[in-house]
Amino acid sequence: MDQNLQVVGTQSQLEMGTVAQNGSPHEFEEQSLFSLELGTQKMQPGHISEYGSAPGGFQPGVSKMWRNVVYKSIKTVIFSNKLNVLIPFGPLAILVHILTGHNGLVFLLSLLGIIPLAERLGYATEQLAVYTGPTIGGLLNATFGNATELIIAIYALRHGMIRVVQLSLLGSILSNMLLVLGCAFFCGGLVFYRKEQVFNKATATVNSGLLLMAVMGLLFPAVLHYTHTEVHYGKSELALSRFSSCIMLGVYAAYLFFQLKTQKDPYIPLSEEGSQNGENDNDDDETPEISKWESVFWLSIMTAWISILSEYLVDAIEGTSHTWNIPISFIGVILLPIVGNAAEHAGAIMFAMKDKLDISLGVAIGSSTQISMFGIPFCVVIGWIMGQPMDLNFKLFETATLFITVIVVAFFLQEGSSNYFKGLMLILCYVIVAASFFVHEDPPPEGKP
């Protein structure tokens, strides 16, 4: 029966190719294979007349295939996540800006609209990393893991809002180290309340060292400024910041090489710790849900859409501060990082509840390391190129807050274990930080009353 079907299908296609006078032997071969896959559907008279009217006899099938691919991709990326119900707030923010110009409403709607885009950006990066392997995947995560914060920072830098850039990047570090890590420890501790969850102390120690180095890079320009010991007043501080930023970028590049190449094997068992404890990790194997080029396409779409909304968000910050009577420091340190860290927050909690604290630590502390050793120095260099005097002097209050936070988190990580009480303490530390910035008034620039 199958042989007869193949003969009939091939003969019918040869006859149609003769009528069309534009088919090659390769096309006939592809058509015969295609007809075999579809079975008896191709033998219906309606399909024969349809294929006879199409150039090459294959276009309807191709177009239908492309429609299915596009439909499946949209369904997987857009409709598979409940958080995407917030996506319409993005176009609504642009509409409100055009019609009313109400800064507070535009800021709120843009904030809500960016949250699902930031999560989908992380999703597309993870899908692409499956195809590229661990080395390139690590570089992709380093580049796009904090893309939302960097896009907002670059737009603010272009508008000369240097303090907003500094505060938003600082807030991202504080949010990841206290809120994201605290929620991961707390939720994981509640699920596994009968035991202490453990993680690799070596990785945590390396990240703690990098964070302390970042604090050192921020501390010296501030101390130099407030002790009035600059050789060239107003210039030495900026020159030191740019020099230190280049050093920090070099150290971060060396850290990536160290993590992905030199110390690759010792880090592999961290993700397999659950299987050593008797867990079945077959369900957690990384199988891509979308193709490589679909990942690149959605990565481009999400990045472009975040860029558009970030411009409206940055433009509305100062007006929102006056409308809501909220300090800009609170908006920059607390509200903006919540948007960029939405994906990290959800991911860190999910992995902690699966007893995979090494991954949670990589998400929370790793993201803080990226911002402190890559994001902040990168913005200083970009500001240098733009002609903006972006420096590492984050002022005394902000630098002291970061220093104390890094010390507290380093103490929490030194034992290599966690429980829900440690998570609760980290969350409450973040509440104290948030309250401090709510009552903190950013000092006016020098030379202004």
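FYI, residue positions are counted from 1 along the chain as it appears here.
Just so you know, glycine gets a Cβ as well, placed from its N, Cα and C.
Worth saying up front: this structure is predicted, and the values here are computed from it rather than measured.
Feature annotations, courtesy of TrEMBL:
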type     : residues : note
TRANSMEM : 92-115   : transmembrane segment
DOMAIN   : 105-260  : domain 'Sodium/calcium exchanger membrane region'
TRANSMEM : 135-157  : transmembrane segment
TRANSMEM : 169-193  : transmembrane segment
TRANSMEM : 205-227  : transmembrane segment
TRANSMEM : 239-258  : transmembrane segment
TRANSMEM : 296-314  : transmembrane segment
DOMAIN   : 296-437  : domain 'Sodium/calcium exchanger membrane region'
TRANSMEM : 326-353  : transmembrane segment
TRANSMEM : 359-384  : transmembrane segment
TRANSMEM : 396-414  : transmembrane segment
TRANSMEM : 420-439  : transmembrane segment
- Query: Using DSSP, how many residues of the domain 'Sodium/calcium exchanger membrane region' (296-437) fall into helix, strand and coil, respectively?
  - Reply: 119 helix, 2 strand, 21 coil
- Query: Based on Cβ pairs under 8 Å, which of the stretches 92-115, 239-258, 420-439 lies most in contact with the transmembrane segment (359-384)?
  - Reply: 239-258
- Task: Report, as numbers and ranges, which residues of the same chain sit near the transmembrane segment (396-414): CB under 8 Å and 6 or more residues beyond its ends.
- Result: 166-167, 170, 173-174, 177-178, 181, 201, 204-205, 208, 211-212, 215, 218-219, 222, 226, 329, 333, 361, 365, 422, 425-426, 429, 433, 436, 440
- Task: Count, for each of 92-115, 169-193, 239-258, 296-314, 420-439, the Cβ pairs lying under 8 Å from the transmembrane segment (326-353), and report the range with the highest count.
- Result: 169-193
